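Working notes, structure below.
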Protein chains: 2
Amino acid sequence: MTNSKPNILVVNDDGITAPGIKALMHVMKEIGRVVVVAPDSPQSGMGHAITIGKPLRLDKVDIYEGIEMYSCSGTPVDCVKVAVTKIFKGKKPDLCVSGINHGLNNGINVLYSGTMSAAVEGAIEGIPSIGFSLDDYTWQADFSHTLKYIKELALQVLANGLPTATLLNVNFPAGGHIKGIKICRQANAKWAEDFDERMDPYKRPYYWISGVFQVNDNGEDTDSWALDNHYVSVVPIQFDMTAHHAIPVLNSWKFDV
Amino acid sequence: MTNSKPNILVVNDDGITAPGIKALMHVMKEIGRVVVVAPDSPQSGMGHAITIGKPLRLDKVDIYEGIEMYSCSGTPVDCVKVAVTKIFKGKKPDLCVSGINHGLNNGINVLYSGTMSAAVEGAIEGIPSIGFSLDDYTWQADFSHTLKYIKELALQVLANGLPTATLLNVNFPAGGHIKGIKICRQANAKWAEDFDERMDPYKRPYYWISGVFQVNDNGEDTDSWALDNHYVSVVPIQFDMTAHHAIPVLNSWKFDV
């Protein structure tokens with residue numbers, strides 16, 4: 001970071017009109033020069049999807065005074081890619097922040113979440129990146145208690161950087177009684193799916209995905225534990241998916257081919 | 001695995017009519033009872049996306065004699081979820097195989113790939129899972145040289161299992177001159193994006209994503225190296241994204257909040 005104000009890319013998955021991104025961009029405006037590139041419609045659950053079968057649209061919009069904003073027809077990851085390439089034109093921003101998501105992204109949700117995938121893409125691009133999420137799925141969610149933590153975490157990342165090829169997954173409990181920040185690991189937790197089967201007017205079935213989030217982890221060092229105990233959870237995330245510990249196991253196999 | 005034939009779930013991201021999944025399901029039929037659940041249209045680049053904003057359709061189809069097949073309107077990950085919940089009804093298959101993808105999924109592509117994300121979802125569900133991909137993006141790709149390796153790897157996984165919470169990412173060079181199987185790590189490699197800007201008939205710009213795959217890794221233990229040197233690359237993948245080595249670094253930060 002130079003002495004000039006840092007350039008900050010703000011993205012999300014709930015769409016450009018979401019209250020969560022409004023809260024996030026206003027905190028970032030206290031720190032640096034903000035550019036917002038967000039989906040033109042909700043993109044929750046889009047994971048690390050990119051748009052390759054159809055073209056993208058990118059429109060400059062004027063919603064909040066004094067903030068440079070673009071609406072993109074693509075996924076959260078598309079937003080980061082197009083921002084870096086077409087808006088920042090290869091001069092990387094100093095920070096990429098994603099969110100604030102309306103809903104938690106702890107445990108395995110980092111893989112399903114468009115919010116977190118946008119932050120992962122920022123990190124792949126070599127930008128210090130953070131995803132923020134709140135345990136409130138409603139459009140009326142109150143983000144006010146999260147703002148001082150978001151500002152502090154962003155300032156720390158700008159000042160310290162992050163270990164190579166990592167980013168932060170930050171989740172907030174709902175409500176104002178936060179005890180502090182806990183550095184955590186991702187909980188062993190997954191969705192036990194169900195599908196709500198209905199019949200359309202033409203007598204053909206259709207399905208809505210549903211499910212229950214199951215934490216199969218008693219550790220007190222997990223994001224799920226921290227959130228249950230009124231802490232802000234901060235999990236360092238990596239995008240190298242190699243299971244290094246499994247390499248010797250596989251090397252012991254004898255292949256008959 | 002019991003003495004009865006194993007139940008094998010076959011998925012992909014190129015869609016139910018792709019030649020790659022046809023090749024894969026016929027190899028699997030030599031090993032076990034096959035159930036195919038595949039997207040009704042191409043879903044390349046869908047990553048770990050799930051469908052939550054609209055309902056899913058699931059239709060039994062009869063394309064290849066003697067194979068139970070379903071076409072799904074959702075993403076590759078949706079296909080796995082709906083297969084486990086609605087078709088296998090909670091009795092997990094013994095193996096989940098995804099592909100054969102028309103195109104490589106080495107390096108960072110594991111995150112963008114619908115093929116690999118379907119295999120990751122299989123592993124999250126607790127099913128031994130493998131994703132297969134070939135270095136040929138055309139519909140006319142020749143899969144014949146891959147089949148004996150696919151059968152051997154599937155049999156080994158059925159016999160040995162896989163280390164907890166891991167799966168395999170298997171990539172094949174194009175052409176028949178394969179030297180053998182290499183157990184690898186994911187190469188440090190990413191896309192250098194570009195966007196092809198065009199003008200529509202109404203004078204509004206639109207963008208097609210493009211780019212060049214850049215391998216920033218000189219290691220001879222990577223999937224990219226193995227493929228360049230005519231080996232089948234096998235990378236064990238994990239879905240715990242925690243950067244465990246970064247936890248002590250973050251714990252050394254002093255938060256002023």
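The backbone N, Cα and C atoms fix where each Cβ goes, glycine too.
All annotation found in TrEMBL is predicted automatically rather than curated by experts.
Annotated domain 'Survival protein SurE-like phosphatase/nucleotidase' per TrEMBL: A:8-192, in sequence order. Across the domain 'Survival protein SurE-like phosphatase/nucleotidase' (A:8-192), the prediction's mean pLDDT works out to 96.
For A:D14 (divalent metal cation binding site), the count of additional Cβ atoms within 10 Å of its Cβ stands at 24 [all protein chains shown]. The feature divalent metal cation binding site is assigned by TrEMBL to A:D13, A:D14, A:S44, A:N101.
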Cβ-Cβ neighbours of A:D13 (divalent metal cation binding site) (radius 10 Å): 33
Of all listed binding-site residues, namely A:D13, A:D14, A:S44, A:N101, those lying near chain B with CB under 8 A: A:S44
For A:N101 (divalent metal cation binding site): intrachain residues, at least 6 apart, with Cβ closer than 8 Å: A:N12, A:D13, A:D14, A:G20, A:S113, A:T115, A:G131, A:F132, A:S133, A:L134
Listed in sequence order, residues with CB under 8 A of A:S44 (divalent metal cation binding site) and six or more positions away: A:D13, A:D14, A:G103, A:S113, A:G114
